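Colleague: Here TrEMBL flags 7-20 as compositional bias 'Basic and acidic residues'. Annotation comment: TrEMBL describes 33-42, 59-71 as compositional bias 'Low complexity'. Per TrEMBL, the feature domain 'Myb-like' maps to 163-212. Residues annotated as domain 'HTH myb-type' in TrEMBL: 171-216. The feature domain 'SANT' is assigned by TrEMBL to 171-216. Residues or ranges marked as region 'Disordered' by TrEMBL: 1-44, 57-76.
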Amino acid sequence: MMKKITKQNEKFNSHLKSQESEYDDIFQDQKTEQQNQPIIQKEQQRKTNIRIIVTRKPQQQQQEQQTIPQQHRSVNKRSWHKELDNLVNPQEMKNGKFSQEEKEFIMQIVHNYQNQNNLTDQQLKDYIELKTLGHSKIWLEITKFIPTRTVDSVYKLIRRSLDSKNRQGYWNKEEEAELIKCIQQYGRKWREISKYLNRTPDNIRNKYIQIGQHNHLFRNKQFWTIEEFLILMNNIHALSGYPILIPNYDQILKQKLGEQFENVKFKLNYRKMKMEDKEIFDLLKSIINIPSNIGVTIKWTEISSEIKTKTKDDIRQMWYKLNGTLL
């Protein structure tokens, strides 16, 4: 047992050293220059060596102190581990999209870090595109000034903004086909796949989820069937405990659409629906009753495993369309 623990510790320490060496390589030129500086110059630099500085004029500093939003005040420590981060940084975390103000402030912090450490644009680019980004010190430094956002969310925002490999925007059919081919070869190794698709691992993972993951071969995004719609309603009923379909809904559908109503197809266009599709959709809305206090966090991924021809985004869009709102 002791031998096993010793081997694990040695492996862990070896891993840490490899992370540190990769981090230090980026600043090797700066370290060499610092070693050649006179002692007096080193001492002056040591006294003024602040990792990140948000520059303010002395006269403005006192005035701005009361107007700076809470998320712009720095904390002493941050951690990648959420539970540990909650201990060293007991802030209420924000979820969802970053505001424009947050984005601008984060980019300002990044550029201040770059200037303070004398990094060229290429060095900053190399640093952002490191394979071991998750263990880099820069993110823990930067997020001290954004205490209401997790380290991981800030890291991903910066990566999306500055990583030259992050080709954003529309995926064409050729790219989707290449993605499926890479997944068949490498599995869900997003970082490995990113080398071939010129997109970030996050972008690739999100796209795979969007196209239906392992159900991508069965997905039909051209139309919905009544059967798929009823499966969705029954699953939401099971998750929420609220009966969504009204009594005798099947009799209403038979009367309007015929005995084989389950096979009736309609297209769910989110901007303007054709008249025949709108008539079917209005009929479906008439056979459901959505309580205003349903208050359930619907597990779209779980439901999509039951409706293999639809992705979680497809069924979520249907649900919001029924509620009269769009994402």
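Here the Cβ of each residue, glycine as well, is placed from N, Cα and C on the backbone.
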Colleague: From the DSSP assignment alone, can you count helix, strand and coil residues within the domain 'HTH myb-type' (171-216)?
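Modeller: In the domain 'HTH myb-type' (171-216), the DSSP-based counts are 35 helix, 0 strand, 11 coil.
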Colleague: Give the mean pLDDT for the domain 'Myb-like' (163-212) on the 0 to 100 scale.
Modeller: 75
